[in-house]
């Protein structure tokens, strides 16, 4: 110490024993703490003399509590005190204080060594300190050290408070360490089944059961991470334990999880179990509004919008008032299943009941309205959204721009995009991707490449969707050399080099001689004829079995009789297709190969090169790639149908179902198109009827496909009824719909009907295209023929009368 002052103080104090000889023990401690604090702050522990400093627990605690001393020097002092053993050992209070310092200052790497010293000193870690340590370690991501603390407590034979384990589980879930949380949970559940004997021979059950809050957090985490098998394992394990009881929130989580994963039977059985529990334990254990929201969401996912609407009507008179989430879920479900009239009705009721629609609700309504070809109504809805002060998002404008492009309003879409760019608002990478795709559709590749360059300049990353659209455009126009241009314009990231390497590798594989091991073996073996398609979409017996209700006692006091009836049904039919249509590019981290395969399938099939597409498909099958999307199978099946290879198309469909790839609306469009080409409009109608009865829906492409099939089969009355049905369901006919009705009526000789549809088309503001011109030429010739025929009949009639006279 400087100038010898410290040594003098130490010498003075060393001659005293604060506990016995000194009449001023507190003053001695104060002087000693001040001296030690100054020494530690200036030179650390190297100037301390163990023989001259009387260390006691009060002194150590005051040093550790001093805010003026650096935490690392406190830690050094704490370790320096080890050298005083066996004369001095740290107490539990001292360890608690140093642990608090370590946790507060982030020196958590010292925890394992401190625990080892604690064990040597024979000091036990208390419950409170263990919880603080665990929380700090988990927050800092030091999961191994946290497990070390748990092991340390178990070695001591100390049974931790269940709340400690609950906090650990919750913290791990929030840190997305679900595997670690699962291992701890199952370890706790195994320990809860263990039995031990006390001195009197009684059996003691070790209570390590986690709380419902921690379990609920874990189940939510597993659901969000799409860990289906782990979710089911936790659910079944807890259901099998008599001492663990699910609460209402647990049931709601499980209903939502099983429903979203396609297990409607499990979701309905859980609802039934909740109702039974409420009859025994009271209404507090029964379904609440969140339960009904989850069930309505599940029914909408299964395409059972009709059932969801009935449950909603029951809900309104059952004492459970619909909330904002209820309306949002129903509007989303109706918009996705093209029930726009129902969606707008619910939207109106939502406003009438005092709920304010948010951006998500308006986005769903805008998307559904534009897909239903109601451009004017969509624009009016957007204006209302702005007037009511609901903030539009990038997604809102993306829906508008994409909808304008798809409804033949490309100029309006480009104008809106340019206005947003000038303002510097509501434009993201998806907006650029949508506009770039439209430019590629129109063949304006130079503009698309410039747009990509601008996209990078503005700091947006160019995604695989945009690049694949450009590649398809290059191949369609034969611009093979333009692929290298992407390297100049897209400079950031490794995406473009990976795409070009993938392209070069596939082209080299396609040039290799094909293996002859599978010669004369069908690539897509079929299990039947394409005309046997009804067996694949389910039989009427399946639908009937779902309608059979198991015997149940009618509860006149039930608030949800229809929901009770659904819950008592067995073997609910699986949905025939998913509401979401398969995308060519999903742009997921693990789907690069499949995305690129779908892109090049589109390229080869658009050029009519079916053999090259089949070879590419075979290469990937040989590589063991099985996670193909519905887009892959739909593309292959559509090409075979167009070429008239119906048996092979059936084989593609069989392989699709064997690989558990869910069909979508595009799959059934191809099926109906194939049946129409085979002249079996009756089967096409039957497939569509079965589809709608089992929860399916029709989009405008499906309507157009079936109208065309019925018209070519001269079933004009049914085609007309379907056309009217489309309009009554809130879907405006497009140019393809009108062209089809004009053509089939013209060819059937119903010229007045054809002219009526032409006038309706123009009155609706639907712009004709080049196909319309061709059909109108044919209609004009037929009308001219009819005019000549009528005129010749009028001329011949007087002549015949003169001859007879």
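Every residue gets a Cβ built from N, Cα and C, even glycine.
Predicted, not measured: the structure shown is a model, and the values here were computed from it.
Annotation source Swiss-Prot lists repeat 'PPR 2' at 126-160. Taken from Swiss-Prot, the feature repeat 'PPR 4' applies to 211-241. According to Swiss-Prot, the repeat 'PPR 5' annotation covers 247-277. Summarising the annotation, Swiss-Prot assigns repeat 'PPR 6' to 288-322. Look at Swiss-Prot and you will find 323-357 tagged as repeat 'PPR 7'. Among the features that Swiss-Prot reports, repeat 'PPR 9' is placed at 393-427. According to Swiss-Prot, the repeat 'PPR 10' annotation covers 428-462. Summarising the annotation, Swiss-Prot assigns repeat 'PPR 11' to 463-497. Taken from Swiss-Prot, the feature repeat 'PPR 12' applies to 593-627. Residues annotated as repeat 'PPR 13' in Swiss-Prot: 629-663. Swiss-Prot lists 664-698 with the feature repeat 'PPR 14'. Feature annotation from Swiss-Prot assigns repeat 'PPR 15' to 699-733.
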Positions on the same chain near the repeat 'PPR 12' (593-627), where near means CB under 8 A and six or more residues out: 464, 468, 471-472, 475-476, 499, 502-503, 506, 509-510, 514, 523, 584-587, 635-636, 638-640, 643, 659
For the repeat 'PPR 15' (699-733), distant same-chain residues with Cβ under 8 A (at least six beyond the ends): 338-341, 344, 371-374, 665-666, 668-669, 672-673, 675-676, 679, 681-682, 684-685, 688, 740-741, 743-745, 748, 750, 761, 764, 766
Same-chain residues at least 6 beyond the ends of the repeat 'PPR 2' (126-160) whose Cβ lies under 8 Å from its Cβ atoms: 92, 95-96, 99-100, 103, 106, 108-109, 111-112, 115, 119, 167-168, 171-172, 175, 177, 180, 184, 206, 208
Helix, strand and coil counts within the repeat 'PPR 7' (323-357) (DSSP): 26 helix, 0 strand, 9 coil
Helix, strand and coil counts within the repeat 'PPR 11' (463-497) (DSSP): 26 helix, 0 strand, 9 coil
DSSP helix/strand/coil residue counts for the repeat 'PPR 13' (629-663): 27 helix, 0 strand, 8 coil
Arithmetic mean of per-residue pLDDT over the repeat 'PPR 15' (699-733): 87
Helix-strand-coil residue split for the repeat 'PPR 9' (393-427), DSSP-based: 27 helix, 0 strand, 8 coil
